[in-house]
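Colleague: Starting off with a structure, shown below.
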Amino acid sequence: MAEEEGPTVELRQRKKLKTSENKESVKEEKISDTPVPERAPKHVLFQRFAKIFIGCLAAVTSGMMYALYLSAYHERKFWFSNRQELEREITFQGDSAIYYSYYKDMLKAPSFERGVYELTHNNKTVSLKTINAVQQMSLYPELIASVLYQATGSNEIIEPVYFYIGIVFGLQGIYVTALFVTSWLMSGTWLAGMLTVAWFIINRVDTTRIEYSIPLRENWALPYFACQIAALTGYLKSNLNTYGERFCYLLMSASTYTFMMMWEYSHYLLFLQAISLFLLDSFSLQQSDKVHEVYKIYIFSLFLGYLLQFENSALLVSPLLSLVVALMLAKCLQLNVKKGTFVAKIMKVINFYLVCTLTVTLNIIMKMFVPHKENGHMLKFLEVKFGLNMTKNFTMNWLLCQESLQAPSQDFFLRLTQSSLLPFYILVLIICFLSMMQVIFRRINGKSLKETITLEDGRIGGRPEIIYHVIHTILLGSLAMVIEGLKYLWTPYVCMLAAFGVCSPELWMTLFKWLRLRTVHPVLLALILSMAVPTIIGLSLWKEFFPRLMTELMELQEFYDPDTVELMTWIKRQAPVAAVFAGSPQLMGAIKLCTGWMVTSLPLYNDDDLLKRNENIYQIYSKRSAEDIYKILTSYKANYLIVEDAICNEVGTMRGCRVKDLLDIANGHVVCEEGDKLTYSKYGRFCHEVKINYSPYVNYFTRVYWNRSYFVYKINTVISFQS
């Protein structure tokens, strides 16, 4: 038995040896099959390092140069360094003056905690009204700027105003750098980033409002949104390694939350981005898990913002939260069905319908149970804007007359065409869109596509990050075609997408594959064109526009407004500290900044009560009696009234959009539409009549100061009716 067992034992041992050898061979095969870190030659590694280093250096340099350019242009435009403090502050117009005034208040506060408390319980700005200025006006940039100014010891080195505008200009540099990086990530060459920056600066009239109003919320917020888009672009790339993916995820999380804190309308912009990602996910473009990770970032940012923004209910009832929750629920209900089958196509349609229905339902439910301030004026404005309703309301018609809320003019498209931006953008968008549709139809039909796309494939529409950008730019462009003010969100996108396209060999290869080019090797031609076309564009832009930019920096412009300076000086010297001033909202913002006195209204349009105040105060330019105007002003505890000659005798704007015309329409003093009866007011226009100094106007108002532009009247507390 022992002798018989010997061979069997040997056989077993041999089998074990064979199996172990097989396993080792399989392991060796797997190891050989798995991508081993490339042992590239030193010169190749050096080339890669040099490419990344030069690209990063170019990106940072572009941002710094743009920030310095803005600073120099601002100095030349306003002669800022040669002005007194009062004259500098007057350059902040409208709502910009309000934002900067609160920055000044924070610096004057004995402590940061006390300053925040006074802003959150503010009763020294608007008469008879206590407001949480931090929440209502999104003053987090001012809080951060004031902390940095004092914590860094900058109060011993630089004046507060220079520190403030320096931060904003620095953020604009980050904005440009983020656009540079995004275009670089999409095209693979930093040449696209350089072209993006060139187009952005040349078309800066349509890409940013930094020249007109520095403290605007969008100037603080959009740089963070650009960083978020750059991080999202890298995150969606298929060939990203683990460390790069983590970095992009963290950057995206931080920039999304910061963007949401800086601008009250940020969640609407993120809503458009979420729609783009939802469509990307619906087309099964290999990035479903990553897209749902972005949804989690949205939810985290919304709830954290809700807690830190004094329980801001607007975030809970925002369409972004409803859409993201609907998408998460729909994913839980999704069934695993084989792709390409008829059942899978039906499930896609059902899923799309389910998400849309759930989004609307959840939003309605949230608005029913969450107490919030409904932006009724915005809904009414959209109804009138799209012709769904007609109104004689002063506020609605005044908003419709604002240039930023009208459709883009022909000059806008002409400027983009002259800089060659619009033609190349349209070319790039058409190629990417058609390639995207081609890939989508192939996936719907169940055809297998390669996961890794090479240059020879000529299939640029198969890259998830490209699909996202195409959908997003179409959504933003559609809105910009309706409201001109939204062009500042779309035009930077246009610069980035157009530059990526002309510098991308994949885009040219996609075009050549459609054309079935055979005379010349298409890959070689695509590589040549991706270098030659942007170089030619860059040289032509340099030749035509660089001298103009240098001329702008050389020209000394002058901002001279002596009448406003005299008015502010008189108020600070003659008016009592407890006085309350009434006038146009834009002027009230300047008075609050330059003097610190209390006012009756502010140039803010996100609060129904302030809008109603603005409409009532504007009645000083209507055809109403002195007694009516007196009752309106005293109801807001106003002590002084300021009449602006520029509004009272306004002739420059289009008839029907002047303040006095809109007031006459609202008060029924002119014919508004066919069929209306013509009615006359038995009173003259108040702003004209009060200047004549006759009864009954002198009984209610006493003129105490005037110059060429402003007339200041003291509102009498004791009325004497003398003939």
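Note that the numbers count up from 1, one per residue, in the order the chain is shown.
Quick reminder: no glycine exception, Cβ is built from N, Cα and C everywhere.
Sharing the record's features from TrEMBL:
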{"type": "COMPBIAS", "residues": "18-32", "note": "compositional bias 'Basic and acidic residues'"}
{"type": "REGION", "residues": "1-35", "note": "region 'Disordered'"}
{"type": "TRANSMEM", "residues": "52-73", "note": "transmembrane segment"}
{"type": "TRANSMEM", "residues": "161-178", "note": "transmembrane segment"}
{"type": "TRANSMEM", "residues": "184-202", "note": "transmembrane segment"}
{"type": "TRANSMEM", "residues": "269-285", "note": "transmembrane segment"}
{"type": "TRANSMEM", "residues": "316-337", "note": "transmembrane segment"}
{"type": "TRANSMEM", "residues": "349-370", "note": "transmembrane segment"}
{"type": "TRANSMEM", "residues": "422-441", "note": "transmembrane segment"}
{"type": "TRANSMEM", "residues": "466-483", "note": "transmembrane segment"}
{"type": "TRANSMEM", "residues": "489-511", "note": "transmembrane segment"}
{"type": "TRANSMEM", "residues": "523-542", "note": "transmembrane segment"}
Colleague: Can you work out which residues elsewhere in the same chain, 6+ from the ends of the transmembrane segment (466-483), have a Cβ less than 8 Å from its Cβ atoms?
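Modeller: Distant Cβ neighbours of the transmembrane segment (466-483) are 186, 232-233, 236, 272-273, 275-277, 279-280, 283, 285, 385, 404-408, 429, 432-433, 436, 460, 489-491, 493-494, 497.
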Colleague: Most CB pairs under 8 Å with the transmembrane segment (316-337): which of 184-202, 269-285, 422-441, 489-511?
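Modeller: So the stretch in question is 269-285.
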Colleague: For the transmembrane segment (161-178), I need the partner stretch with the highest count of C-beta pairs below 8 angstroms, choosing only from 52-73, 184-202, 349-370, 489-511.
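Modeller: That would be 52-73.
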Colleague: Which of 52-73, 184-202, 269-285, 422-441 shares the most C-beta pairs under 8 angstroms with the transmembrane segment (489-511)?
Modeller: 184-202
Colleague: May I ask which of the stretches 184-202, 269-285, 523-542 has the most CB pairs under 8 A with the transmembrane segment (52-73)?
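Modeller: Comparing 184-202, 269-285, 523-542 against the transmembrane segment (52-73), the winner is 184-202.
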